[in-house]
Ligand SMILES: Nc1ncnc2c1ncn2[C@@H]1O[C@H](COP(=O)(O)OP(=O)(O)O)[C@@H](O)[C@H]1O
């Protein structure tokens, strides 16, 4: 089983209303010194077969065709990140 | 300047309609053997000050308070990833 | 003296005018509240209206929850202030943890606007006393993130305590257990995805009707406040 | 992801400002005017007007303002008829020429409405193209001083089963819904038509309507030397630089991707806040003049505001400090700032005494506002960049004195043959089996299918005044809770009729919209139109345009419904293949009591059916 992560972000020159809304909200919540916030998408994909270059290539094709709108977005594809990178942190109360 | 990435994903036990919609679309586009797709959010945050533990702690607080709804979501916070991990891939035509 | 019902406007609220009109139609005094003001202007009840507060870009209701007005409303709700959250208002109530669970993207991914058949399952809340238990009603829904979700334990608890207020008769978005609206344990706080304020006039309500099935939400609270 | 900062300075060559002084001293410097869509003779005219070569900033302004999209250079001579043949009516408060026409609907209320196209951008990026189309037309309505109260969306796509339609249609519908719903504007009707002629050139037209007190009409003019010029709303970014304008001035052709604009992304939340902010500003009567920033951005707003004052009073002018414009991308050059089409921005002229109050309201709504200039009496539009003058022009030459073309046109040779093919030549179903086949084909035709998948993505209830919407002949809105005064609106168009006979086809579109409004019980008053055509450089297309315009003007005269404004969209063609000529006509009607509306469904058993007409 290959576990692949695809990160999709708006191209830097494209306006990111979502990131801006978050950024504007932060000072009101008492968070200062936030210079920039960009918001994008993260996909975790599980493909059958080995975690090899072919799997990455398939994931890249999926990203290009479906997950990212390449007119305005760019993406990065990589294997399941190291433990430290996993989104498994327990929710704090 | 500290550059931090916050990944937010639905908790595994929460149904993910967006991931499912992507998964259902894939066979129609000719992609088979996709076992699972989950969709979440990725935030890229720039904080002023050094890239130290305190910056991470601030980002974690932001994630916990605002970026994630910890009733249904979990998150991971880390420094700007290595080059390989960057979302800078040129959009393929 | 009539009852004063406040309607909060957040940046991006859309149905605040409609909610104010519904309040006025049943004879209560509508009071516009502004998200930046902590002062609730002595209202007896509050409606959090529909819309897209802060664009709903992060998560519906996520940013509005931190408005100054919400601090007062959350504190008041814990002491019995009647609060009705409609659509975006429901999302704000969940984000504020006044109500359990969360609202996520609709099953079909799309925004859905249609006249929806519902069943009123709890008439013991501050906002539903004027319905009869099990009454079937027709009220518009319009949202993209209206799918109610919560863990099984929470869902069981809601059912056991009779806190599921309205259910979809034909579930449009995959909401858990057909839930369209819930209440807190005390019954003063109710969150709904459907829009009763869009079903209060023959002229503008669902067609073909019934057109005014939303009115009892507003008459219920008025009667309770006037009786108090 | 690379931070914008990392690009800064490193990728930009040191920039030398092309000042007016520099331009005067360097007459031989060649500017790439043709790349900006400026023809050699047009460039010569600019030189003649200025008495020197333009600076690069001036050229940027002229190029966008003299583009087909902004100057109507090919259509102007034909559109004139709407004025010349305008019926004599007493309810028209503002006619064509302003951002939108304004009609007196009785009591102290006035209504403004207009239709516009966003065809090319919606083809390139369906969601954002359609979304910003709604955003743009809504700002036009807002600019008049009105509260926007509804939108409509006449759409045309290629075949429903074409792969490209699957790419374009869902995005367009989600974009219209996403933006309109987030503004809290009910969508009260529209059209969807599928026809192979729109493959590669879908039409995304958007209509918006607004209401205001008659006494609160605002105009786009910069009066009063000493008054402040305020830019407010979103920050300026690199969106659509040379976008809509350049794109609209050159035939869209897949082979030249460099012509594609960088896409504009809409921020509906910003626009919603901007609407509420403007309405509060209007209510306190804090603006002398106001203009939205659409295509041609600051080039348009500064030159049009300044030109209007000069035109009307002979006194005017404006000094603008371009370096004060709040930027999203600090690397933007002055030429780019002038051309940027970043969405959700407005420009207001405010007396010095009112500036503080103006800023107070902006602060309430979290809207960025900046004084970027001052009204003068110099007769010139002067723009500086860090102290150096980069533009010094008579604003009228930019805004009003663009080229006017009398493009050649002639009736296509194939027109006779097309008209000769009457329905009589079509085969008719003869057997039961054939009849069944025909019925099934009709039932399965996307053009006749239920439009629920589209309509359900639109909020039609918000604001609580929608009396009629989808499924009805026209949309209807209540304007006044007390009196029940209301308006009805319908849009119609039929490219197939118009291709057969553009003159009559345009009249049929008007007649259908007129009937749809009348059928609800409203009295048709006024017209807006969006004229979607192929390339005006093709004499046969130009003939279609001339005929359609003439037909519409004649019919409006007969029906007593003036055209109050509209939009021309040319170059809807891929290579030689133009769309059917598609004039889309919107009719506004007024109804004294909306409770007396007539629905299109049979309401009561036993009602008598009557057929009117032949
Ligand atoms: N793109 C659209 N946006 C909004 N409403 C639409 C759109 N397309 C069609 N409608 C509405 O759907 C209803 C039915 O449309 P249609 O089947 O084309 O019927 P008709 O021929 O009566 O216009 C009409 O009321 C029309 O306003």
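Even glycines carry a Cβ here, placed using N, Cα and C.
Keep in mind the model is a prediction, meaning the values are calculated, not measured.
Over in TrEMBL, the protein carries these features:
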{"type": "ACT_SITE", "residues": "C:87", "note": "active site, nucleophile"}
{"type": "ACT_SITE", "residues": "C:195", "note": "active site"}
{"type": "ACT_SITE", "residues": "C:197", "note": "active site"}
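Comparing residue C:87 (active site, nucleophile) with residue C:195 (active site), their Cα atoms are 7 Å apart once rounded.
The Cβ of residue C:195 (active site) has 28 neighbouring Cβ atoms from other residues within 10 Å, across all protein chains displayed.
In the three-state DSSP scheme, residue C:195 (active site) falls into the coil class. Around residue C:197 (active site), the same-chain residues six or more apart in sequence whose CB sits under 8 Å from its CB are C:15, C:18, C:19, C:21, C:22, C:47, C:49, C:50, C:86, C:214, C:218, listed in sequence order.
Classification of residue C:87 (active site, nucleophile) by DSSP places it in coil, neither helical nor stranded.
When the C-beta distance to chain D is held to under 8 angstroms, the active-site residues C:87, C:195, C:197 reduce to C:195, C:197, listed in sequence order. Cβ contacts within 10 Å of the residue listed as 'active site, nucleophile', excluding its own Cβ and spanning all protein chains shown: 29.
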